[in-house]
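Asks: Below is the structure I would like to discuss, written out as structure tokens.
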Amino acid sequence: MSSLRGLGNIARRWRELNGVSYWKGLLDPLDVDLRNNIINYGELSQAAYTGLNRERRSRYAGSCLFSRKDFLSRVDVSNPNLYVITKFIYAMCTVSLPDAFMIKSWSKAAWSKQSNWMGFVAVATDEGKEVLGRRDVVVAWRGTIRMVEWMDDLDISLVPASEIVRPGSADDPCVHGGWLSVYTSADPESQYNKQSARYQVLNEIKRLQDMYEHEETSITITGHSLGAALATINATDIVSNGYNKSCPVSAFVFGSPRVGNPDFQKAFDSAPDLRLLRIRNSPDVVPNWPKLGYSDAGTELMIDTGKSPYLKAPGNPLTWHDMECYMHGVAGTQGSNGGFKLEIDRDIALVNKHEDALKNEYAIPSSWWVVQNKGMVKGTDGRWHLADHEDDD
């Protein structure tokens, strides 16, 4: 998140910044408080990437590296004291998906053969409530793992979304079958997915709404790539089925593929108290996919990282789609007819956190964020072993 000073106006303007008026007059040029608000949620979305164990040699591949208690500080969120994580989300999928979506351990003693850690639910602390102006409940969904080649391998079939969209709100709302399967799949024999990711989140939303029923609350959903698609479905589900109890629900999604058909868009647009801002990087190919039969929901904010003087030109599909590059673009965009100037003091080294996007003259290594020694620790016997998992309290 940006500095606390940068978040200073959010408490006063949060309804406007979360889209009560559909962000009219705030996008071109981009309002500075909205920049900070977007990056606030963007960092939580990035955290769901950073916290994932990607090492397939580990028995914990596909799980979270850190415990809930220390998670936000361990993944280096700028203001970790604003939120406390109340629940981790786990998902499985009953349709075939490319490896970019679900990480499977090569170990015979894998922590789970089906499930992956897919994000978290968090709620504003008392300190966060002061800064943010209300008790904000956040759901952050993890996205795909770096690769974009999955677009060539993924079935784009639409399936009915009758579970998600309330009856009568549209004629025949349908969503991408793969996105819906990740959201709704469950297995009574599974340790982590006896409940689907959907019901893990909805039940936690209900619990937190009941806990803070006498306070002003909001629900904010965020995600990038696959996580953006899941965030769109989740936000629609929460409002369509009344889990928000009339408190406003906003989604901030980054690099989102398309989610559903025109009837799903119609259902989304007709839902009360529901807003969605799609942040899209002009050269990124993912938001253009799938094409046939799909329609965009929500309000679009277009950025163009190609205008940044800090990034290598022309870039490549990985850097165009990278979440840190998206936040860099939000920090510096000057609107559709402008250039690029960082309006927020956001460290340019972050764009190389997981990619090789920054110009070499800045002397920042590529893909520099790694767990110390890749999780290897030296035991008292002098031998090294992999210890890349913290038990969740």
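Cβ from N, Cα, C; glycine included.
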Asks: Looking at 53-73, 200-220, 305-325, which one is coiled coil according to Swiss-Prot?
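Replies: Feature coiled coil in Swiss-Prot: residues 200-220.
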Asks: What are the sequence-distant neighbours of Ser225 (active site, acyl-ester intermediate), meaning same chain, six or more residues apart, C-beta distance under 8 angstroms?
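Replies: The list for Ser225 (active site, acyl-ester intermediate) reads Gly143, Thr144, Phe254, Gly255, Ser256, Pro257, Val286, His321, Met323, given in order along the sequence.
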Asks: Going by DSSP, give the three-state secondary structure for His321 (active site, charge relay system).
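Replies: His321 (active site, charge relay system) sits in a helix per DSSP.
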Asks: Specify the count of other C-beta atoms within 10 Å of the C-beta of Asp284 (active site, charge relay system).
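Replies: Step by step: centre on the Cβ of Asp284 (active site, charge relay system), count other Cβ atoms within 10 Å, giving 26.
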Asks: On the 0 to 100 pLDDT scale, where does the coiled coil (200-220) sit on average?
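Replies: The answer is 97, the mean pLDDT of the model over that range.
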